[in-house]
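According to Swiss-Prot, the protein has these features:
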- Cys29, Cys227, His252, Glu256: Zn(2+) binding site (BINDING)
- 31-41: motif ''HIGH' region' (MOTIF)
- 301-305: motif ''KMSKS' region' (MOTIF)
- Lys304: ATP binding site (BINDING)
Amino acid sequence: MALRVYNTLTRQQEHFQPWEHGHVRLYGCGPTVYNYPHLGNLRAYVFQDTVRRTLHFLGYRVTYVMNITDVGHLESDADSGEDKLVRSAQAHGHSVLQVAAHYRAAFFRDTALLGIEEPSIVCNASDCIQDMIAFIEQLLARGHAYCAGGNVYFDVRSFPSYESFGSAAVEDVQEGEDAARARVAHDTHKRDARDFVLWFTRSKFVRHALTWDSPWGRGYPGWHIGCSAMSMKFLGPRCDIHIGGVDHIRVHHRNERAQCEAITGAPWVRYWLHHEFLLMQLQKRAVHADMGSSVVSSFSKMSKSCGQFLTLSSLQERGFQPADFRFFLLSGQYRTQLAFSWDALKTARAARRSFVRRVARVVDAARATTGSVRGTSAECAAERVCESRASESELLLTDFRAALEDDFSTPRALSALQKLVRDTSVPPSLCVSALQVADTVLGLGIIQEATASLSAQVPAGDTLPQRPLPSEEWIGQLVRARAHARQTRDFPRADEIRRQLKAEGIELEDTHLGTIWKRV
């Protein structure tokens with residue numbers, strides 16, 4: 001069986017075949033760094049990481065590009081609302097680039113804790129402004145863009161297949177798109193309400209924090225042009241896989257595709273993969289006619305703008321490990337909405353600990369028969385398999401591989417490993433070799449944790465991964481941000497910062513001379 005993926009473009013599962021044999025060009029939508037990543041955001045990056053790891057496992061060479069949006073992302077995908085970075089900078093009393101750098105670092109701290117490997121190339125939008133300007137100039141030259149009211153717009157009518165992408169892919173977001181279109185319909189400079197801005201001049205925001213010189217006046221890029229320009233800069237005119245959330249299909253990704261294919265005149269992305277939302281359990285008290293009341297639970301998409309979200313530090317404060325959350329995510333199919341609750345996470349933690357305990361027993365048995373269990377990195381795992389019965393190990397992973405080749409079915413892949421660990425007919429050393437290879441895909445550190453639990457004589461599943469201590473500069477930035485939040489009476493934000501620092505082992509004490517901190 002070869003890899004099959006569900007392609008949003010065709011709305012069906014297809015055999016995967018990259019443009020270039022053996023080499024996959026992968027682009028993943030990265031974060032807009034105006035706040036801490038919430039758990040729903042992190043689901044996206046665990047999935048991107050899983051796709052990349054799976055492709056490596058299947059023998060592909062992967063060039064993985066991820067953007068960092070630090071300019072031009074408005075509150076609505078359809079050119080309306082405030083700039084998210086500017087609003088965050090104003091709230092914190094810092095420059096846009098300072099805020100972006102802070103939250104960029106926070107993003108990569110969280111992804112590292114989750115075992116997410118860094119992309120081959122990480123590109124900041126603010127570093128690629130000239131590439132965006134050159135891209136817009138090409139669109140204008142080809143008749144796909146026009147200048148009006150000081151801005152440059154993409155002319156949707158010039159690209160006949162614009163509506164064909166995502167037209168029936170996600171009906172649930174239709175209402176949101178229609179609302180966004182309605183908000184910008186009054187823009188009299190647009191020839192069509194669907195047209196979108198490629199370059200804003202000061203006609204949009206008179207005192208925008210970040211502006212650059214351009215042929216159309218000093219201004220800044222729209223959000224959609226950034227991803228197109230960065231993808232084509234680092235991956236070339238063709239991309240094999242583009243990954244993003246279902247909420248971006250109908251506007252952002254549709255616009256990206258239109259921009260790129262208007263330039264090249266040829267298909268741009270071969271396979272579009274879209275992951276579903278992580279839902280958050282909300283509870284509220286309902287008052288009944290008889291004056292009684294009850295607690296009503298519901299699930300809703302995590303949203304920073306609505307204040308409905310949890311961060312990774314929120315989980316750590318409750319005693320969960322990042323690996324518990326990664327295991328929870330891998331237990332769900334990426335194209336299915338996943339409901340997060342504390343009970344669900346407890347169940348995932350129990351399942352992961354049980355699995356690690358079983359693996360620890362297998363590792364112990366392998367030690368007894370071979371004397372040691374060798375390296376645990378992807379390279380050592382591959383070396384070990386090559387040295388000892390590689391074909392047998394590959395055979396043990398037949399079901400695991402088949403699950404991943406079926407549109408990255410991680411729930412089935414986990415089930416296959418559970419079955420392997422319980423199979424007493426498999427020699428322990430061979431089982432460990434197979435598990436080492438499998439974990440280069442799952443990224444759970446199962447063998448490392450099982451081995452550490454045996455060495456440290458602590459319960460398997462309870463060992464914590466090593467992580468670097470936070471720098472004094474980073475701590476100082478957060479302490480100052482918390483002080484500003486308290487001054488502006490943004491107490492929820494101040495509490496969030498305290499919790500984040502506590503999760504990193506930093507204790508705060510507020511005194512009449514200011515806030516002091518110490519490591520605990």
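Each Cβ is built from the backbone N, Cα and C atoms, and glycine gets one as well.
Location within the structure of each feature annotated in Swiss-Prot.
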residue : record              : Cβ neighbours (10 Å)
Cys29   : Zn(2+) binding site : 20
Cys227  : Zn(2+) binding site : 27
His252  : Zn(2+) binding site : 20
Glu256  : Zn(2+) binding site : 28
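In sequence order, Trp223, His224, Gly226, Ser228, His242, Gly244, His248, His253, Asn255 are the same-chain residues whose CB sits within 8 A of the CB centroid of Cys29, Cys227, His252, Glu256, the residues recorded for Zn(2+) being left out. Note on the motif ''HIGH' region' (31-41): DSSP counts are 3 helix, 2 strand, 6 coil.
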